[in-house]
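Notes for the one structure printed next.
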Amino acid sequence: MSSAINGPHPQISNSQDSITTTGVREQEANENNKAVSLEVVPGRTTSIVVEDALNCPDQGRSHDGGYGWVCVASMFFISANTWGVNGAFGVYLAYYFQKDTFPGTTETSYAFIGGLAMSQVTFIAPLVTFVGRKLGTRTTLSIGIILESAALLASSFATKAWHLFLAQGICFGWGCSFLYVGSVGIVPQWFDRRRSFATAIAAAGSGVGGLAYSLGTEAMIRDINLAWAFRITAIISGVMNVACTLLMRDRNKHIIPNQKAFDVQLLKRYEFLLILTWAFFSTFGFTLILFTLPDNALQIGLTLHQGAIAAALVNLGMVVGRPLIGYISDDIGRINVVTAATFLCSLFSLCIWTSATTYSVLLVFAFLGGTVCGTFWAMLAPLLADVLGLKLLPASLSIVWFTIVVPTTFGEPIALKLRRTGAPKYLSVQLFAGFLFLAATICMVVLRSW
């Protein structure tokens with residue numbers, strides 16, 4: 001938006017040798033976050049153009065398109081090759097249970113591997129934010145590529161369970177964190193009106209990756225072996241992440257975000273505390289759904305392959321649901337849509353999952369639950385940007401990531417402890433997940449009324 005200052009406004013006399021200005025309130029323009037430019041053409045009236053600095057093309061204007069869509073595509077494939085890879089852990093977990101891969105290892109111990117992989121992503125988020133501020137986005141993502149690839153390759157040579165704790169758990173989580181946390185705040189910088197839609201498309205990559213890696217991992221383990229399943233995954237994800245890192249471009253120099261690793265002042269804001277609580281409950285429930293379905297399938301008499309199909313359908317649901325949620329939220333409000341989606345996940349868990357004693361019903365829940373259970377991952381950044389502003393996005397994300405360490409670490413082990421000895425074995429887990437999403441819904445209702 002621009003306006004030329006002419007007539008009774010401050011005047012400029014123009015000549016080839018000199019320009020004299022009177023009455024230009026440069027300080028006032030700067031205070032209002034304006035960019036002031038002089039348009040000098042010999043023989044013509046010269047005007048001062050005052051523009052909003054954030055809307056000026058050379059000042060980092062949010063285009064709602066342009067190169068932003070390249071960043072969306074890059075973030076899509078980073079999500080696919082980080083969270084998507086981790087989304088296949090349920091297949092690994094069911095295989096470990098079924099084959100007793102490392103004799104003497106308890107089921108709870110196996111579950112902690114996946115919990116560590118997810119929680120480490122969020123646990124070191126403040127460190128990733130610090131590294132991003134000091135070294136830049138591309139270096140941060142490159143560190144992630146090295147760590148994730150090394151973790152998967154090391155997992156392929158594991159001979160004891162603790163090897164997997166270090167490799168598939170901690171090291172993979174660190175690599176995923178440097179890649180995902182280091183880039184998740186970039187897409188919102190490029191969009192305004194369609195911010196939620198663009199972010200949701202990027203987040204849907206985890207669903208596509210989870211779908212592909214769930215089916216691919218089961219096939220590779222069945223037709224080749226466990227070790228080569230890890231190695232092939234390392235090669236594919238490594239190549240894709242390198243390409244995305246080269247294409248990703250942030251706008252930090254224009255927005256100048258607050259990149260403090262941990263800004264405690266945010267904890268004094270009531271609306272932010274509500275988002276933190278919603279995040280805690282949502283990720284707890286999400287972890288239960290994502291990791292337990294393959295073993296849930298085995299417990300109701302299905303095969304490992306059928307369990308992998310169920311896990312794949314959860315991820316397919318994410319592919320469909322996340323962009324749809326983002327698109328709708330841009331039109332009717334992000335808090336409104338997040339509230340509705342979170343409530344639907346509670347409803348699906350309590351009404352459908354508790355009745356899933358056959359393959360067909362389990363698949364119905366897997367798809368429907370998948371469409372809404374990952375709302376947190378699709379809508380967190382746009383929601384924070386709306387409530388707190390873009391400048392506080394990196395700092396607020398760091399606190400959120402740290403907050404969800406507990407549910408992501410202990411979610412699956414708690415689920416295994418909640419299993420009943422008699423049928424239906426997963427009923428307590430299903431009810432627990434449903435009430436977690438219900439509690440998250442209440443947080444959003446309160447935020448909506450705030």
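Including glycine, each Cβ sits where the backbone N, Cα and C put it.
Curation plays no part in TrEMBL annotations; they are all automatic predictions.
Here is what TrEMBL records for this protein:
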- 1-35: compositional bias 'Polar residues' (COMPBIAS)
- 271-450: domain 'Major facilitator superfamily (MFS) profile' (DOMAIN)
- 1-36: region 'Disordered' (REGION)
- 67-97: transmembrane segment (TRANSMEM)
- 109-132: transmembrane segment (TRANSMEM)
- 164-185: transmembrane segment (TRANSMEM)
- 197-216: transmembrane segment (TRANSMEM)
- 228-249: transmembrane segment (TRANSMEM)
- 270-292: transmembrane segment (TRANSMEM)
- 304-325: transmembrane segment (TRANSMEM)
- 337-356: transmembrane segment (TRANSMEM)
- 362-385: transmembrane segment (TRANSMEM)
- 392-410: transmembrane segment (TRANSMEM)
- 430-447: transmembrane segment (TRANSMEM)
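When each of 109-132, 164-185, 337-356, 430-447 is checked for Cβ pairs under 8 Å to the transmembrane segment (228-249), 164-185 comes out on top. Most Cβ pairs under 8 Å to the transmembrane segment (270-292), among the stretches 67-97, 337-356, 362-385, belong to 362-385. For the domain 'Major facilitator superfamily (MFS) profile' (271-450), the model's pLDDT averages out at 89. For the transmembrane segment (362-385), the list of distant contacts is 83, 184-185, 187-188, 195-196, 199-200, 203-204, 206-207, 275, 278-279, 282-283, 285-286, 289-290, 293, 296-297, 300, 302, 309-311, 313-318, 320-322, 324-326, 329, 334-335, 337-338, 341-342, 344-345, 348-349, 352-353, 356, 392-393, 396-397, 400, 437: same-chain residues at least six beyond its ends, Cβ to Cβ under 8 Å. At the 8 Å Cβ threshold, with sequence separation of at least 6, the transmembrane segment (67-97) comes into contact with the transmembrane segment (304-325) through 3 or more pairs. Sequence-remote contacts of a segment are chain residues at least 6 beyond its ends whose Cβ falls under 8 Å from one of its Cβ atoms, and for the transmembrane segment (430-447) they are 271, 274-275, 277-278, 281-282, 284-285, 288-289, 335, 338-339, 342-343, 345-347, 349-350, 353-354, 356, 373, 387, 415, 418. Where the transmembrane segment (109-132) meets the stretches 197-216, 337-356, 392-410, the count of C-beta pairs under 8 angstroms peaks at 392-410. Same-chain residues lying 6 or more positions outside the transmembrane segment (392-410) and placing a CB less than 8 Å from one of its CB atoms are 112, 115-116, 118-119, 121-123, 125-126, 129, 132, 177, 181, 184-185, 188, 257-263, 266-267, 272, 275-276, 279-281, 283-284, 287, 380-381, 384-385. A Cβ distance under 8 Å defines the sequence-distant neighbours of the transmembrane segment (197-216), meaning residues of its chain 6+ beyond its ends; these are 68-69, 71-72, 75-85, 87-88, 90-91, 187-188, 190-191, 232-233, 308-309, 311-312, 314-327, 329-330, 370, 374, 377-379, 381-382.
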